[in-house]
Structure formats: C-alpha cells, structure tokens
C-alpha cells in the first residue's frame with residue numbers, strides 16, 4: 001500500500017494539466033509573438049471592469065506543464081523506493097513505464113485524443129546529454145581502458161553484425177509476405193535494423209546498477225551500450241541519406257563508410273578539446289568557487305551541441321569531455337564544489353531517466369498503431385538470435401587475445417542484457433513518412449516493452465541462478481591501490497625490457513606525459529599533490545564518499561538484544577579476566593617465514609607473543625630483539641616498568657585494554673561495525 005500513495009497525486013496532476021490545456025483563450029485580440037503584451041497599447045490591455053481574481057493559464061502554460069511532468073516523474077520515483085519489496089522484484093524502469101501507461105490512458109480518456117509524445121529533439125538535446133554526462137564523469141577509468149579493445153569490438157563490429165543481420169533478415173521476411181509487407185524496400189529494412197539494434201544505456205544502467213554484477217561484466221555491457229549508440233545513430237543517418245538518393249552506387253557506400261569514421265573521430269576530438277578547456281578554466285576558479293561547477297556543465301553541454309552542429313557524434317563528444325576533465329577538475333575545485341557537481345549530475349540524470357521512461361509509457365497510447373504478426377514476431381526473434389550469435393562469435397575471437405577470458409555465464413548476461421529504450425523510440429519517429437512507418441513505430445514499442453519488462457525482470461533471477469560473480473561491496477584500501485600501481489609499473493617495465501608495446505607500456509608513457517606537462521598546465525600549483533600516495537588517498541576518499549551516498553541503507557536483520565543485568569556484567573568480567581590472565585601466562589614460540597627455525601633453547605628464551613599485541617609493544621619487542629647488547633638493558637628496564645604498571649591495573653581496566661587492542665586490529669570503518677566488533681569481543 002505504501003507504493004500507491006503517490007498515485008492520486010499523479011492522476012490529479014495529470015487531469016488538471018489536461019483540463020488546463022483545453023482552457024479558452026483569454027485574449028480577444030491577436031497576440032504579438034515575442035513581445036510582452038503589457039507594452040502594446042493601454043487600450044488593448046485595460047479590462048472592461050476591475051476583477052478581484054482572474055486566471056491567465058496560457059501565460060505560464062509551457063513552464064507550468066514542464067514542472068508538472070517533472071513533479072509527476074519525481075513522485076513516481078519516490079513511490080517506487082517506498083514500495084517495500086517491489087524494487088527487489090520489478091526494475092525501476094518497468095514501474096515508471098507502467099505509471100506512464102496509466103497517465104497516458106487517463107489523458108486519452110479525458111481529452112479523447114492522443115497524449116503528448118516525446119519529440120526526438122527534446123530527447124536528443126535535453127534528456128539524453130545529462131544521462132551520458134553522468135555516465136562518463138563517473139566512468140571507472142581503469143576498468144574502461146583495460147577493456148577498451150573488447151568494448152570497441154562489441155560496439156563497432158557487434159553493432160554492424162546486428163544491423164546487417166536484422167535488416168537483411170527482415171527484408172527476407174518481407175519477400176515471403178508480399179501481400180502485406182511487399183512495399184518495404186531493402187534500405188527501409190536496413191534503416192529499421194540500425195535503430196532497433198541500439199542498446200539503450202539508460203535501460204541498461206537502470207537494470208544493471210540494481211544487480212551489482214562484477215566490475216568486468218558491468219563495464220563490458222555498459223561501455224558497449226554507450227558506444228553502441230554512437231555507432232547506431234551514425235548508421236541510421238547514413239541509411240537515411242541513402243534513402244533520399246535516387247540510386248546508391250559503390251562510391252556512395254565508400255563515402256558513407258568514411259563518413260562513419262569521420263563522425264566518430266570528430267566527436268572524439270571535439271570532446272577532448274572541450275575537456276582540456278574545462279580543466280584549464282577550473283584552474284582559475286579558486287577566487288570564485290561558487291561558479292566552478294557551472295563550467296563543468298556548460299562546457300560538457302557545449303561539446304555535445306557543437307558535435308551535433310557539425311554532424312559529429314554528440315555522445316562520443318560528451319563522454320570524452322567528461323573522462324578528460326574529471327581528474328583535473330577534481331584536483332582544482334574545492335570539496336564543496338566536487339560535492340555540488342556529483343549531486344547535481346546524479347539529480348539531473350535521474351530526473352531525465354525518469355522522464356524518459358514515463359514518456360515511453362505515455363507515448364504508447366496512440367492512434368497510429370499498425371499491426372503485422374509476421375513482422376513484429378520476426379523482429380523480436382531476430383533481435384535475440386543475432387545478438388546472441390554476435391556475442392558468442394565475437395567473444396570466441398577476443399578471448400584468444402585477453403588474459404581474463406569472458407566466461408560463458410558472462411556472455412549469456414551480455415547477450416540477454418541488450419535492452420532497448422528511448423534511443424530507438426526517438427529515432428523511429430524521425431523516419432520520413434512512408435506507408436509502413438506506423439508499423440515500424442508499433443514494432444519498436446513492442447520490442448522496447450518486451451526487453452524492458454521480460455528481459456529486465458528476469459535477468460536478475462538468471463544472474464542468481466547462474467551464480468554470476470558479484471561486485472565486491474568494499475572499496476579498495478590505500479594498500480591495495482598502491483600494490484596494484486606497483487604491479488602496473490612492474491608490468492610496464494617487463495614490456496619495455498622485452499620490447500612489447502602493450503597497454504601497460506602506453507599507460508606508463510601517458511602517466512609520465514601527464515605528470516610532466518598536463519598536470520603542471522591544467523592544475524594550479526597550490527593543488528599539486530606532492531606525493532602519489534597522497535593522490536591515491538584523495539581519490540579513494542572521493543570514491544568512498546560517492547559509494548556511501550549511493551549505497552542503500554543497511555538494515556541489521558538481527559533482533560535487538562536486551563541490555564545485560566549488573567550481575568551478568570560482573571560474571572562476564574570475571575570470566576574474561578581469568579581467561580585473559582591464563583592466556584597471557586602461556587608461552588608460545590614465535591614463527592616467521594622469513595627466518596630459519598632455531599633450536600629449542602632459543603625458542604624457550606624468546607618472549608611470549610600475544611595474539612592481540614598492540615603496536616607500541618610490538619615495536620618495542622622488535623627493537624629489543626634487533627638492537628645491540630648495550631641498549632638492551634635500557635629497553636628491558638622500561639619494558640619491566642610498564643609490565644609492573646600493567647600488573648597493578650584492575651581487572652576491569654585490563655579488560656577494556658584488551659578490548660581496545662582488539663578494536664585496533666579489527667580496524668572498524670564506522671560506528672555500526674565498531675559496535676558489532678565490541679559486542680563480539682566482549
């Protein structure tokens with residue numbers, strides 16, 4: 001029932017917006033577009049009689065309806081997260097689409113006309129950029145570049161495989177049914193194949209973030225869906241230009257192939273340029289930190305618009321811009337500005353994603369549907385077949401070149417996780433009018449609903465059934481990060497010695513170039529970290545902060561225990577004190593795998609090694625065993641003095657001392673873990 005409380009607000013807001021859109025014009029005369037009507041003439045604006053209350057909805061219609069839609073999306077998202085067990089069973093995208101279907105049905109019933117649809121310009125210019133910017137800014141750079149070859153292999157060759165396979169197969173289906181599908185040409189089938197092969201990063205992100213799969217699988221699916229869109233949009237525009245030609249020659253195909261390369265590389269260089277400009281600008285924001293986050297959003301959006309203006313890949317541009325500027329911007333701006341950037345990007349992308357799924361449901365309620373069982377069923381089946389065969393064949397080749405092979409379980413999840421979404425839905429409305437355009441729209445909606453509902457709802461049980469490796473919840477420590485970098489330097493040195501220019505070699509060369517030139521130019525002197533360990537620590541701190549903000553609240557399933565009685569506390573103190581005294585009196589020989597075994601007499605003379613020996617005492621012991629003979633006496637006197645003091649402590653103080661040592665060696669990360677360890681040790 002908790003999930004249903006926003007629905008009355010959603011329906012009432014939608015009804016009010018629909019009724020308000022049908023209000024009559026309050027003005028009797030014509031309006032001057034682009035001017036304020038209060039400055040036209042005094043006689044035209046003076047009412048016939050003064051009114052205490054008046055209504056002028058058309059004056060605020062556009063912003064008012066935009067706010068209503070955003071409010072609808074936010075309430076739907078809020079209701080989803082307060083719906084108890086629903087998020088564990090149904091993905092968020094499915095619930096939002098169902099809300100959109102409900103709202104679209106209400107609007108259609110009230111107005112007796114089709115509800116408003118999401119235009120392609122609104123999607124590509126306003127809703128898609130914040131989602132891609134958020135994905136690029138928080139992209140795990142190390143994993144992405146380590147798997148970049150595999151991601152490009154899937155995104156480029158896999159997309160070509162799916163587009164050509166689906167397009168040619170659908171053309172064969174049209175030839176087999178000439179009576180109903182005979183007027184669909186080969187280029188129309190290839191055009192439809194290019195848009196239906198687009199794996200939507202919005203749908204993929206919304207599903208895979210809830211499953212917490214392992215990092216390699218997540219980056220392969222997400223990176224492929226991100227770059228897949230750039231390839232499919234380019235291929236869509238290429239086939240669209242072929243359709244507008246009277247005849248297509250071999251030279252046109254060659255020029256089209258060159259155009260695909262130019263569009264991708266053009267978006268890459270545009271994003272790289274704006275990313276460096278953003279980093280350079282952020283260096284001089286120390287005296288105006290309030291507007292520092294604004295440059296991140298403006299330059300990123302400007303890179304997207306510039307690429308679209310030059311007919312380059314806007315998705316490639318904004319991803320490259322985000323990846324390029326991230327490390328320099330984070331080093332230049334303050335912690336408050338970094339927090340503002342992170343929160344605003346998450347909020348912006350979340351609102352855009354929610355609006356997209358709601359409009360997908362609303363736009364499904366239309367009067368323009370055309371149905372054909374052979375075409376719709378063949379499209380669904382061909383999308384699954386060609387994606388599965390493409391993943392299996394391409395992975396069989398790429399596994400011969402990878403050190404960490406992609407397992408068969410991961411291949412199944414990659415093939416099954418090809419969800420369609422708003423990208424193909426927006427592209428299908430851009431097709432020039434022809435007799436079967438409505439059939440293309442209906443088929444696209446069916447494919448989106450099937451992939452989001454059927455595949456999106458069943459992929460999580462399949463991940464659990466196949467026992468796919470999950471992501472580690474704990475973030476890497478400073479020690480792990482330093483050791484991984486040490487291994488990177490070691491491998492790059494080995495590649496340099498043997499004369500092999502692999503990824504570690506080029507990564508090391510880029511780090512040297514970055515440290516010598518880029519960081520000195522793009523990062524202010526007062527923000528330069530003097531130590532690489534300090535940079536690692538700062539990066540892990542930011543990563544831990546983002547992880548705590550995004551992680552769901554942890555609920556302790558254990559029942560709350562009653563407080564201990566005073567006599568129970570006294571009994572526990574006596575038992576623990578007696579056991580700890582017996583443990584301290586026990587003689588245990590020390591063992592080190594770095595030294596040889598000594599004789600029995602030496603072992604008997606060695607000091608006892610306690611299980612919870614604190615760090616200062618351990619350091620004292622190591623100093624005593626390794627210092628010259630003349631200094632042993634001084635250390636022995638001080639150690640015996642501390643021992644006499646410890647023996648004079650009460651049992652309770654001794655107990656709490658041991659508890660403190662145990663907490664020190666367990667290293668709790670928060671108060672909840674500290675309380676749990678204390679209860680266990682007590």
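Yeah, the Cβs are placed from backbone N, Cα and C, and that goes for glycine too.
Where the annotation comes from TrEMBL, it is an automatic prediction and has not been curated.
Cross-referencing 443-463, 464-484, 485-505, 506-526 with TrEMBL places the feature transmembrane segment at 443-463. Record note: among 50-67, 68-85, 122-139, 284-301, 122-139 is the stretch given as transmembrane segment by TrEMBL.
Note on TrEMBL: of 306-326, 411-431, the range annotated with the feature transmembrane segment is 411-431. Contact between the transmembrane segment (341-365) and the transmembrane segment (411-431) is supported: at least 3 Cβ pairs lie under 8 Å, counting only residues 6 or more apart in sequence. Ranked by number of Cβ pairs under 8 Å to the transmembrane segment (151-173), the listed stretches 88-110, 259-281, 371-399, 411-431, 443-463 are led by 371-399. Looking at which of 88-110, 122-139, 185-207, 259-281, 371-399 has the most CB pairs under 8 Å to the transmembrane segment (411-431), the answer is the stretch 185-207.
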